[in-house]
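As recorded in TrEMBL:
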TRANSMEM  34-55  transmembrane segment
DOMAIN    36-148  domain 'STING transmembrane'
TRANSMEM  75-103  transmembrane segment
TRANSMEM  115-133  transmembrane segment
DOMAIN    150-334  domain 'STING ligand-binding'
Amino acid sequence: MVEIYDEEKSLHNKKLKLKRERVRKTKMNAFGEYIDNCIYILVTFFIADVLLRSYKVLIEYFKYKNHYFPENRLWTILCRAFSYNVASLVIYLLVIIVALIRVSCDKRQHFIPPPIYFAFIPLWWLISLSQMGHSTIDYAMFIRENHGLDSASSMAANYFHGYLKLALPAVNSGTGIRERIEFYEQKHGVKFATKRLVILIPSKLFIKSKFESLYLEKAEALKSAYHNRAGVFRAYQNDVYRFTKPINNRFYYLSLEGATPILTFFETLNLPLTKTKQIEEMQREILLKFYKYLRKLVYKWPETEEEIDLIFYDDYKPNGGKQDIGEMLFTHFKHLILSMESKNLTESIRKTLDYDDSRHDY
């Protein structure tokens with residue numbers, strides 16, 4: 001009786017073991033089939049993508065051939081049409097590796113998808129040509145990338161190369177912004193809060209031709225600097241403003257102006273001829289990219305890093321009130337000047353104490 005029971009128990013255990021093995025094999029087969037389908041789909045989409053890119057090559061070559069130099073027109077078009085980003089190349093490489101592993105495990109497998117998969121090629125074309133995955137946020141992501149193709153980077157680069165890098169460094173004697181400020185100080189017996197050109201970048205884009213505030217008053221401009229630009233001998237002049245309130249019993253001066261490309265951008269947004277829905281929606285992204293890219297150019301170029309102060313500010317205070325530019329600048333430079341004077345005083349006291357200690361030791 002006991003033997004029969006043991007045999008039945010052993011048989012039952014074998015059946016359970018076989019059942020578990022079948023379930024495991026079924027799961028493995030299902031997973032393997034899923035991997036195979038993924039490979040077939042990606043290979044199919046790759047073929048569809050190659051065909052679509054080939055179609056674009058024909059369009060470019062016959063419809064837009066004047067956009068390319070004749071001597072290397074076809075090669076340039078092919079290079080542009082069949083360029084892949086890093087993510088795509090990584091995916092294709094992974095597909096090849098996984099496919100090779102599957103083929104090595106099962107000799108019946110191959111890279112070529114079954115014919116039914118090729119019926120989905122038009123689906124890929126439909127998705128690609130209709131830009132089904134595209135949304136407005138893609139514009140924002142494009143602007144943020146570091147490629148120089150967006151309008152914000154172009155504005156910043158043109159402003160930097162066409163004006164800041166040209167007019168502010170001391171190319172010749174007496175032409176740099178720092179030298180002209182020092183000449184102004186000696187001539188008028190005044191003191192500047194900074195020996196740099198202060199450039200304002202407002203959040204709402206608009207910049208008046210004259211900064212109006214109870215904290216500021218316009219003074220005589222700096223001496224003009226003259227430079228030859230594209231065959232034109234141009235005069236570059238920078239305005240000067242005086243703080244109407246003293247800092248430590250001294251009235252300080254500033255060489256101050258707004259970023260002119262930002263005003264141009266404001267005018268672009270407010271003229272129906274140049275305004276578009278996309279540029280209006282992305283104005284904040286464009287403004288921030290302009291500021292960040294210009295800051296990068298200014299402070300990484302040796303000739304301009306000590307010549308310019310970029311100040312980005314909100315036109316409205318946190319409580320909703322209108323920002324007073326003069327008050328904002330006065331508070332900013334008052335803090336800097338007092339901090340610098342405090343630092344200089346501390347350094348002077350330290351040197352005096354060190355000197356007294358050295359005399360005492362002697």
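Cβ coordinates come from backbone N, Cα and C, glycine included.
The structure displayed is predicted, hence computed values, not measured ones.
Residues 81-82, 91-92, 95, 98-99, 102, 109, 111-114, 117-118, 120-121, 124-125, 128-129 of the same chain lie 6+ residues outside the transmembrane segment (34-55) yet bring a C-beta within less than 8 angstroms of a C-beta in it. Secondary structure by DSSP for the domain 'STING transmembrane' (36-148): 87 helix, 0 strand, 26 coil.
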